[in-house]
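Taken verbatim from TrEMBL:
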{"type": "BINDING", "residues": "Asn326, Arg327, Ala328, Lys329, Asn351, Ile352, Cys413, Ser414, Asp415, Gly416, Trp417, Asp418, Arg419", "note": "substrate binding site"}
{"type": "COMPBIAS", "residues": "631-643", "note": "compositional bias 'Polar residues'"}
{"type": "COMPBIAS", "residues": "656-698", "note": "compositional bias 'Low complexity'"}
{"type": "DOMAIN", "residues": "382-426", "note": "domain 'Tyrosine specific protein phosphatases'"}
Amino acid sequence: MGEEGPPSLEYIKAKDLFPQKELVKEDEGLQVPFPVLQGEGVEYLGHADEAIIAISNYRLHIKFKDSVINTYPGVDHEISVPLRLMESVESRDMFQLHIICKDSKVVRCRFATFKQCQEWVKRLNRAIAPPSRLEDLFALAYHAWCLGGSADDEDQHVHLCRPGDHVGQRVELEVKRMGFDTQNIWRVSDINSNYKLCSSYPQKLLVPIWITDKELESVASFRSWKRIPVVVYRHQRNGAVIARCSQPEISWWGWRNTDDEYLVTSIAKACQMGTKGAWRQRGEAPESCDSDFDSSLTGGSGCDDSTVPQKLLILDARSYTAAVANRAKGGGCECEEYYPNCEVMFMGMANIHAIRNSFQALRTVCSQIPDPGNWLSALESTRWLQHLSVMLKAATLVCSAVEREGRPVLVHCSDGWDRTPQIVALAKILLDPYYRTIEGFQVLVEIDWLDYGHKFGDRCGHQENTDDVSEQCPVFLQWLDCVHQLLKQFPCLFEFNEAFLVKLVQHTYSCLYGSFLCNNARERQARNIYKRTCSVWSLLRGGNKNFQNFLYIPSHDMVLQPVCHTRALQLWTAVYPAHLLPVHRCGRLHGALPPPSAAGEELSSRSLDRLPKTRSMDNLLSAFENGLPLTRTSSDPNLNQHCQEGPSAPEPPAAPDHAPAGLSDGLLPDAPLDSSASPDSESCADPPEDPCLTTQPLPSQPPPLAAPPLTAPPTCPPQ
């Protein structure tokens, strides 16, 4: 008999690949207060002040005692925070555990002794330390245990581990859907096969058909990180396209590259030829276009002497000052003298460092206790809404150039993976209703953010072997906030609701799913992420009614024109305001009013005196008999009913012309699209449906807008 070879990896069980640590209890009588996920193991379990606290390899869980819930109504019974969602953990006021989260949440927990508080701070800091290897992220353990568990558990989690939920190779499908003429005008180049040209670009790139791969290599040497201009969207009616790239490497020496200039000019000419259909009659167009290259650089007609292509808009997301300053680092911006028939515009969007500072200021303002008296001015000082306004204006400008003017647009910033996807993806949502569906939104995120190399690992802070805080920035969260603003302004034109966006924010950081791991598609493919992790789209699938907008009206050609002014934007209250624990809602630390149970009858009577006085239904009837004038809102339907029962009851007065729109049909412009579909509506007892327990629930349905007072006529006869 020959020697036996090493055991195959196929026979290694999940518990051997991802073993769980032994549970450390402070009290043997304690029980784990929540149902664990597949692969999740509780490591520490102990007591906090009027609560039970637990740390697993996935989350921090705090469960309050019933006495706390009864004393402080409205406080969540349980709080669960994924470890990778935490940004920092520290001790404050000796006995208080203070946790700052990457999505702006602030969680506080109080302990009985200083020693106990310090011990839990150390445990949490070890748990949230940057991973030393990819396998330290819970997404891989969760997937392995789901597939390697018992039959019942596997069936329970199979919908979260379906192959194909990760979108792959969607470029060809999108090219066909948008109507690119790949026979005569455009081509899908394989020059980036195996990521040999650009490691942060997808393997298939869309360029004009007469541009050769040799020319693309020359252009790559002139663009930062070799991110060349490629086309990512086409307007199906007028043929105008949106392209993206990184900054040119002009430097102080004023370098130029004729192949880069040729490629940019060719994109505009390809749009013009696609509109006129010139290539459908002559197959020699590519050669003729090459022969007319000199004329294209001088502003000539090039491929078609009868028409002049629309002037291409080069949209630089930076300010002019920042673009010029980048020349000191070898970058820069296009010179209109070298790019004929092109126009350069600067949008003045802030870089990741300014956005990070703005977000931290927003988090500080939202977590202040009690609420600051200068709330509006404090919010303004963060400049968060101003940054959203600038992004919306940039996307609207791209949309207007493509839709109204039929102009091709080339978008770039410095590196092309932060502000560039923000503008491009937002403009595509404005232009194309397909991207407002759940399926289209998934395609949009997978292609424009994941395939084109937004550095989720660095920006979200879960890349292994790195702790560079200067690389972290909520770029994707900021973009989702802009999508939320569009959802508020156009509540009937999106297939998904606000809960969909909130869940996407949470799982961008949670590391429960592998969709947002690593920095680019090359790293994900090299580490086999798509086969070793679950996809977040398994949760946010189209068939999940929790995330469907029931007001959705499908539209095939409606272009959105949002209001971009700062005063029209809203703070995303489902995400930003901090979650406060009950110890900070009572008066022990901040001098607030004590709970009613400890106030006594005197305080209760004084509190009742301050309430607005109303009349009961019985008093309303007696008031009619006495002929007293009534001032009522439309909240009591019985008022009109009793008036109409009289022998000569008049018609109720019509609502005035200035009444807010929506009162008659019940559609409130600021109401949530689906109040029952909040992230916290999925109970903890059903982890496969949504294993991430939120730290902040969606806001409940707001009260209806107050109607103008309806004055009942004093002549209403008695019964």
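Quick reminder: no glycine exception, Cβ is built from N, Cα and C everywhere.
Long-range contacts of the domain 'Tyrosine specific protein phosphatases' (382-426) within the same chain, counting only residues at least 6 positions beyond its ends with a Cβ under 8 Å from a Cβ of the stretch, are 200, 224-225, 227, 229, 232-233, 235, 238-247, 264, 267-268, 271, 275, 310-318, 326, 331, 345, 347-352, 354-355, 358-359, 361-362, 365, 435, 444-445, 448-449, 452-455, 459, 473, 475, 478-479, 481-483, 485, 559-562, 564-566, 569, 571. Within 10 Å of the C-beta atom of Arg419 (substrate binding site) sit 28 other C-beta atoms, taking all shown protein chains into account.
The highest number of surrounding Cβ atoms within 10 Å, among the binding-site residues Asn351, Asp415, is found at Asp415. According to DSSP, Ala328 (substrate binding site) is assigned to a helical segment. Counting residues of the domain 'Tyrosine specific protein phosphatases' (382-426) by DSSP class, helix then strand then coil, yields 29 helix, 4 strand, 12 coil. The highest number of surrounding Cβ atoms within 10 Å, among the binding-site residues Ala328, Cys413, is found at Cys413. Long-range Cβ neighbours of Asn326 (substrate binding site) (same chain, at least 6 residues apart, Cβ-Cβ under 8 Å): Gln247, Arg318, Gly332, Cys333, Ser414. Long-range C-beta contacts of Trp417 (substrate binding site), restricted to its own chain and to partners at least six residues apart, with a cutoff below 8 Å, comprise Ser200, Arg227, Ser246, Tyr452, Gly453, His454, Lys455. Maximum C-alpha to C-alpha distance over the listed substrate-binding residues Asn326, Arg327, Ala328, Lys329, Asn351, Ile352, Cys413, Ser414, Asp415, Gly416, Trp417, Asp418, Arg419 is 21 Å.
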